[in-house]
Amino acid sequence: MSNYPPPNTGYYPPQPQQQPYYGAQQQPQYVPLQQQTQWGLQPTPSGQQQNHFAPQGQPMPPPTYDGSINPDSGLPTKFNPKPKYNDLWAAILFAVQLAGFIVLSYFAISNALKTGSGPGGAKGVGSLFSTGGLITLCISVGVGAIFSVVYFFLTVAFPTFLIKATLLLSILLYLAVAAYYLYLRMWIIGGIALVFGILYAFMWFAWKSRIPFASIMLKTVTAVSREYPATYAVSFLGLVAQVAYSIYFLLVFAGVYDYYFNSGTGSGNNKSALFYVLVVFAVFSFYWTSQVLTNIVHTTICGVYATYYFMAGSPQGMTKSPTIESMKRAVTTSFGSICFGSLIIAIIQTLRFIANMARGDGDGIMAFVACCIDCLLACLQGIVEYINKYAFAQVAIYGKGYIQAAKDTWTIIQDRGLEQLINDNLIGNVWGMAAIFSGFLSGLGTYLYLHFANPAFNANGQLTIVLIIVGFVMGLQICFTVGTVIDSGVVTTFVCLAEDPAALARTKPELFAQIQATWPEIVQGVRY
């Protein structure tokens with residue numbers, strides 16, 4: 001019996017002639033790890049050698065197709081044989097809020113185009129629509145975009161070097177920040193930075209043994225991206241969409257602020273409350289839409305890498321247009337799941353925005369409480385973002401709903417060990433440092449233009465700090481969007497290895513051997 005599933009009935013992606021969803025596919029069921037002994041190269045009927053994951057070379061339990069329980073292994077069958085539109089309510093809610101933001105933008109931008117005078121005769125925020133304002137925005141996004149593109153190709157060319165270099169740069173950056181703030185006698189900030197610097201230095205020695213595994217992962221991902229350059233196009237399309245929407249949001253935000261600032265509505269408490277409601281809604285809409293754009297790109301690319309993982313080297317072969325097929329699924333049957341996961345992050349980010357507003361407007365006690373709340377929310381955001389990254393890979397590979405994908409992601413974390421997942425994902429640090437540098441350069445470019453050109457709308461420097469912060473944030477967003485190609489490929493490969501290492505052994509035995517040599521535990525299937 002062949003080790004491959006019959007065409008279009010197994011888990012693997014579809015053949016070129018037919019295009020069902022991943023969810024119509026099967027997955028081999030694995031014997032629990034404690035029952036596995038040694039793996040061997042077993043002869044196939046054709047006389048070739050094949051890796052098997054079963055005790056003493058025995059065949060694996062047969063897969064089931066009814067979405068229930070495998071009677072031989074007692075393990076659940078995870079895949080929905082009939083794809084459907086998951087989490088539709090989230091997609092509908094996203095459309096409603098986007099429509100509301102569009103309505104708000106019409107009135108805000110119309111007002112900003114008609115007005116624009118601030119106190120003292122200087123131009124208000126609405127003057128961002130002037131030539132100088134538009135140049136400032138273009139510099140903010142342009143510097144970040146150029147750096148992100150250059151760094152992307154450097155990652156493709158020098159993966160191992162960047163893994164080591166960025167880890168060392170992280171140590172140096174934290175120590176430099178610590179030295180600066182300690183010199184200024186700002187003991188708390190300096191102490192925190194010093195602790196992080198020491199932790200990263202410790203991680204350098206703790207993670208050294210995992211660098212070979214991370215290098216193989218990164219080399220593999222970049223090789224696939226070169227073989228399927230459409231992944232670049234998807235990432236750059238996401239970059240353009242993110243930049244365009246960021247500019248759109250800034251114009252809407254400027255219009256709302258300009259209307260409030262110039263019409264004198266800030267004098268009344270009721271109108272002031274309405275202004276804050278509109279600002280919070282605009283920020284929430286920006287966060288949610290930005291997350292959806294980013295995660296559509298992430299899910300699309302995850303689908304491409306999953307297709308390569310299971311199909312390249314198999315008898316079925318690759319599909320003709322894996323990127324297009326994956327994108328279709330991301331914006332149709334999986335769109336609701338993407339909106340659901342993105343909504344959770346957007347809510348947390350909006351709460352952090354409100355906390356920062358309270359910290360800026362409140363007294364000492366209020367500022368301290370708001371700072372603590374923001375710190376807790378930041379930790380929660382990091383955890384959810386980490387789970388989402390792997391959950392959306394599950395959505396892309398299997399067509400699961402968001403809740404089921406998140407549960408299965410947590411199972412992988414429990415089986416592999418949270419410490420292992422974090423420590424072995426050194427590649428995330430590569431793009432984390434890149435994002436910091438991208439944001440820094442975007443903010444620096446904005447400052448240099450404002451300082452030397454001294455545009456009329458910022459003649460008194462009243463918007464300098466705000467625009468520098470905006471430039472930094474936009475640089476971060478742009479860099480993270482570009483880095484999705486590599487990050488998504490690594491995440492997908494990790495999930496596929498955790499759930500079906502036998503597929504890699506069958507289709508790409510040389511790569512499997514390299515991975516097994518650098519981290520033997522990863523090639524054991526997850527226990528569900």
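Cβ from N, Cα, C; glycine included.
Residues or ranges marked as compositional bias 'Pro residues' by TrEMBL: 1-17.
Residues or ranges marked as compositional bias 'Low complexity' in TrEMBL: 18-38.
TrEMBL lists 39-53 with the feature compositional bias 'Polar residues'.
The annotation region 'Disordered' is assigned in TrEMBL to 1-73.
Sequence-remote contacts of a segment are chain residues at least 6 beyond its ends whose Cβ falls under 8 Å from one of its Cβ atoms, and for the transmembrane segment (88-109) they are 248, 251-256, 259, 278, 281-282, 284-285, 288-289, 292, 335-337, 339-340, 342-343, 402. The feature transmembrane segment is assigned by TrEMBL to 88-109 (among others).
Marked as transmembrane segment by TrEMBL: 129-154 (among others).
Look at TrEMBL and you will find 161-181 (among others) tagged as transmembrane segment. Counting residues 6+ beyond its ends, the transmembrane segment (161-181) has Cβ neighbours under 8 Å at 154-155, 187, 189-191, 193-194, 196-197, 200-201, 203-204, 207, 211, 214-215, 218, 426-427, 429-430, 432-434, 436 in the same chain.
If you look up TrEMBL, you'll see 187-207 (among others) marked as transmembrane segment. Here the transmembrane segment (187-207) has Cβ contacts under 8 Å with residues 167-168, 170-171, 174-175, 177-181, 423, 426 of the same chain, all six or more residues outside its ends.
Counting same-chain residues at least six beyond the ends of the transmembrane segment (228-253), those with a Cβ under 8 angstroms from any Cβ of the stretch are 101, 104-105, 108-109, 112, 128-129, 137, 141, 145, 148-149, 152, 279, 282-283, 285-286, 289-290, 293-294, 296-297, 300-301, 304, 308, 322-324, 327, 470, 474, 477-478, 481-482, 484-485, 489. Among the features that TrEMBL reports, transmembrane segment is placed at 228-253 (among others).
As annotated by TrEMBL, transmembrane segment applies to 273-289 (among others).
If you look up TrEMBL, you'll see 296-314 (among others) marked as transmembrane segment.
Residues annotated as transmembrane segment in TrEMBL: 334-353 (among others).
According to TrEMBL, the transmembrane segment annotation covers 365-384 (among others).
Look at TrEMBL and you will find 430-450 (among others) tagged as transmembrane segment.
Annotation comment: TrEMBL describes 462-486 (among others) as transmembrane segment.
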Per the Cβ under 8 Å criterion, with at least 6 residues separating them from its ends, the transmembrane segment (430-450) contacts 135-136, 139-144, 147-148, 151, 155, 162-163, 166, 169-170, 173, 218, 458, 461, 464, 467-476, 478-480, 483, 486-487
Per the Cβ under 8 Å criterion, with at least 6 residues separating them from its ends, the transmembrane segment (273-289) contacts 94, 97-98, 100-101, 104, 245-246, 249, 252-253, 256-257, 260, 265-266, 339, 342-343, 345-347, 349-350, 353-354, 357
Residues outside the transmembrane segment (334-353) whose C-beta sits under 8 Å from one of its C-beta atoms, at least 6 past its ends, are 85-91, 93-94, 280, 283-284, 287-288, 291-292, 294-296, 299, 373-374, 377-378, 380-381, 384-385, 388, 391-392, 395-396, 399-403, 405-406
